[in-house]
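According to Swiss-Prot, the protein carries these features:
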| type | residues | note |
| --- | --- | --- |
| ACT_SITE | His22 | active site, proton acceptor |
| BINDING | Tyr17, Phe68, Asn70, Asn116 | tRNA binding site |
| SITE | Asn12 | site 'Discriminates between blocked and unblocked aminoacyl-tRNA' |
| SITE | Asp95 | site 'Stabilizes the basic form of H active site to accept a proton' |
Amino acid sequence: MKEIKLIVGLANPIKKYNDTRHNVGSWLVNSLVTQQNKKLKKNNKFLGYSTEINILSKNIHVLVPDTFMNLSGISVLAISNFYNIKLHEILVVHDELDLKPGNVKFRLRSSHNGHNGIRNVLAVLGTNIKFLRIQIGIGRPINSGYKISKFVLSKPNVSEKLLINRAILCAIRVIYDSINQRNVIMTESSLNSMLDHYMNSCVIHHN
């Protein structure tokens with residue numbers, strides 16, 4: 001992950017969406033920024049909240065778009081153009097219906113798999129380019145008749161939130177460790193192997 005220059009946490013704007021399933025990508029970015037003793041600041045130029053963090057002497061920009069999910073690409077394009085960052089140098093974090101709460105995966109893909117935020121990023125920045133993502137599991141509604149659009153905009157229950165936060169903690173540890181592998185090309189497989197190792201040892205701290 002040595003080539004990563006920007007980490008993006010996809011989310012919907014407006015405070016009422018902060019704790020919803022669709023916003024778990026921003027949960028990871030906020031946790032990462034907090035660990036760095038930094039704060040995300042509103043940046044109208046980038047249509048989002050951004051800051052710069054330093055991981056093992058490597059400066060990395062972080063962004064949470066302040067656009068609705070299906071317009072995320074506009075914000076990502078603004079910051080990537082300003083800093084001359086290419087799509088393959090971006091790590092995007094988002095919610096994933098096909099992973100249960102507590103599960104998380106690194107993916108190197110050029111398809112959106114039905115996610116509207118990723119769909120827009122690809123539409124704006126380039127549809128045939130593979131880029132790295134962290135998929136944070138939110139699961140699917142138990143009732144098959146429950147609308148997905150309503151489900152992703154709802155809040156996970158207490159146990160689900162604990163599982164999601166644990167997955168986020170593990171993913172952040174992989175981000176740190178993979179950046180530390182300066183002369184090693186980290187593949188999707190190697191990142192997920194590292195992730196599996198941490199999933200067996202991550203501890204949740206209750207607030």
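Including glycine, each Cβ sits where the backbone N, Cα and C put it.
A C-beta separation below 8 Å, combined with a sequence spacing of at least six in one chain, links Asn116 (tRNA binding site) to Met69, Asn70.
For the recorded positions His22, Phe68, Asp95, a Cα-Cα cutoff of 10 angstroms around Asn12 (site 'Discriminates between blocked and unblocked aminoacyl-tRNA') retains His22, Phe68.
Residues Asn12, His22, Thr67, Met69, Leu71, Ser72, Gly117 surround the recorded tRNA site, their Cβ atoms falling within 8 Å of the Cβ centroid of Tyr17, Phe68, Asn70, Asn116, which are themselves excluded. Of all the recorded positions listed here (Tyr17, His22, Phe68), His22 has the Cα closest to the Cα of Asp95 (site 'Stabilizes the basic form of H active site to accept a proton'). Considering other CB atoms within 10 Å as the measure, the emptiest surroundings among the binding-site residues Tyr17, Phe68 are those of Phe68. Here the recorded positions are Asn12, Asn70, and the one with the most other Cβ atoms within 10 Å of its Cβ is Asn12. In this entry, Tyr17, Phe68, Asn70, Asn116 make up the residues listed for tRNA, with the farthest two CA atoms of the set 16 Å from each other.
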